[in-house]
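A short worksheet on the structure shown next.
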Amino acid sequence: MVVGNVYVIAATAVIGGSLFGFDIASMSAQLEMPAYKCYFNQGPLGPPFTNDTECSGPKSLNQGGITASMPAGSWLGALISGPLSDRLGRKTSIMIGCVIWLVGSTIICASQNVGMLIVGRIINGLAVGIESAQVPVYISEISPPSKRGRFVGAQQWAITWGILIMYYISYGCSFIGGSLPTDYSTAAWRIPWGLQMLPAIGLGIAMIFLPESPRWLARKDRWEDCHNVLAAVHGKGDPNHPFVHVELQDIKEMCEFERQHADVTYLDLFKPNMLNRTVVALFTQIWSQLTGMNVMMYYITYVFGMAGYSGNANLLASSIQYIINVLMTLPALIWIDRWGRRPTMLIGSTLMCIFMFANAGLMGGNGTVVPGGVKGVAAESMSVTGAPAKGLIACTYLFVASYAPTWGPASWIYPPELFPLRLRGKGVALATSGNWAFNMALGLFTPVAFENIMYKTYIMFGVFNFAMTIHVFFGFPETAGKTLEETESMFEDPNGIKYIGTAPWKTHVAFRRIAEIEAGHVDPKAAITGDHVEETATEANIEKSAV
């Protein structure tokens, strides 16, 4: 029996996002744990504990390599997910990602050295790349337009829950072994990394009972299956529901057009009429990394170490940002389809810019350089005490609270809405690969940056946030409240800018109109031609044909 409740479908599929969250927290939590630092120690403090009882852990660059290995695999996983998804289906590609995750997690759990740990994380990354690219595509293609942002954004909420759950599991396991670093037990990190297999097992089994994307089915000429899925998900089982009919007709028209553009490749994303969309989608994911949020997720314990926290106090203080992340993502899931994508991203980048520069000022103006790093951790290169330290922590929390309801969900919601059906799988895969490429670079070099340029690291991210605000205003059109086919018409607007379509700053949210159509309260064609908040190319054509 196939599940038809769209809420259940979305809630199940976004478990794929929790895999990314599990990985982030399992790495972040380990950075301050004696068991991890001592087992993978590379000096100067640590075994054989002749004159000290602390461990320095891996060197800054090597720790960066361990952290970056997962996004490196994710970059490749995202790229291969496009062809994989187009050939085998959105649903099957997600299930394949689950199997790969189990292989990688097994290797990580059994790691004997840094090399084995990196190999396992690369394999895990392949899985995360597939899931992070194709779960948003699957959900966007199966969701009703008025709730698409909420459901796709739920992937980000699943990521935040994965982070929070795994962080506290890791924190609890940190007490395994003796009270001193010299009495550490590898079970403290092997158990958390083993437990992260559970959500993949659950997702892989649950996907068996979910429907395939109706748009993918249509592209494979499985029209009866497509109609049945639309009726189950959007028509409450009624194949004659008005919205099911209009959506099926839109999909048929799009597929007929796309038959003239068969056998697409990644190169088609860079043709003149598609280049702008590709750039916008790619930079949506790149900018989400350059906000500096995942740096906070991975290396927050370094920041709090410089603010004077150590041991369990550091781990507990760091965990607060993960709670904030979970709670502050909720408003976006409820209201992002009403807010719109543009205002959400503009407000978020502006606030994050302010808090990044504030952190730079607090650390640069009040911090003192610590040769060799706090307790031998080179990346903790400065020490901040007193009120400035509290200000640093407060601004860090406020930064997370700004990212969570804005760029966090928006970066996953937006790219799938930009591409036509024939290119959606590959387009989102390419955009997501950009996310992972920059995630890898930041994961690798952030510890080195903290060690060498110190507080200026925050200035760098502040500049990035300022730049993305300008880019969003002039380059990112509004997609909220539009069907995926209507978004296509917006980019093809004959009265707009060549190769861009309707000017981004002239686009607006059309939530109320689409909600009425979905409910069957308004004749779909009349609504499209008469009551749309902004005229698109499709609407113009309909009006002309009616004259």
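Even glycines carry a Cβ here, placed using N, Cα and C.
Annotated in TrEMBL:
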TRANSMEM  6-25  transmembrane segment
DOMAIN    9-480  domain 'Major facilitator superfamily (MFS) profile'
TRANSMEM  94-116  transmembrane segment
TRANSMEM  151-171  transmembrane segment
TRANSMEM  191-210  transmembrane segment
TRANSMEM  279-300  transmembrane segment
TRANSMEM  320-336  transmembrane segment
TRANSMEM  343-362  transmembrane segment
TRANSMEM  391-415  transmembrane segment
TRANSMEM  427-446  transmembrane segment
TRANSMEM  458-476  transmembrane segment
- Average pLDDT across the domain 'Major facilitator superfamily (MFS) profile' (9-480), rounded to a whole number: 91
- Contact call for the transmembrane segment (320-336) and the transmembrane segment (458-476): at least 3 Cβ pairs under 8 Å, seq gap 6+: no
- Item | Long-range Cβ neighbours of the transmembrane segment (427-446) (under 8 Å; 6 or more residues past either end) | 61, 64-65, 67-68, 70-72, 74-82, 85, 125, 129, 132-134, 136-137, 266, 269, 277-278, 281-286, 288-290, 292, 294-295, 298-299, 379, 411, 415-416, 418-419, 457
- Message: Pairs 6 or more apart in sequence, C-beta under 8 angstroms, 3 or more of them: is that satisfied by the transmembrane segment (279-300) and the transmembrane segment (458-476)?
- Response: yes
- Query: If you count Cβ pairs under 8 Å, which stretch among 94-116, 151-171, 458-476 touches the transmembrane segment (391-415) the most?
  - Reply: 151-171
- Near the transmembrane segment (151-171) in space but 6 or more residues beyond its ends, with Cβ under 8 Å, are 6, 10-11, 13-26, 28-30, 33, 132, 135-136, 139-140, 143, 189, 191-192, 195-196, 199, 297, 312, 315-316, 318-319, 322-323, 325-326, 329-330, 332-333, 336, 404, 408-413, 416
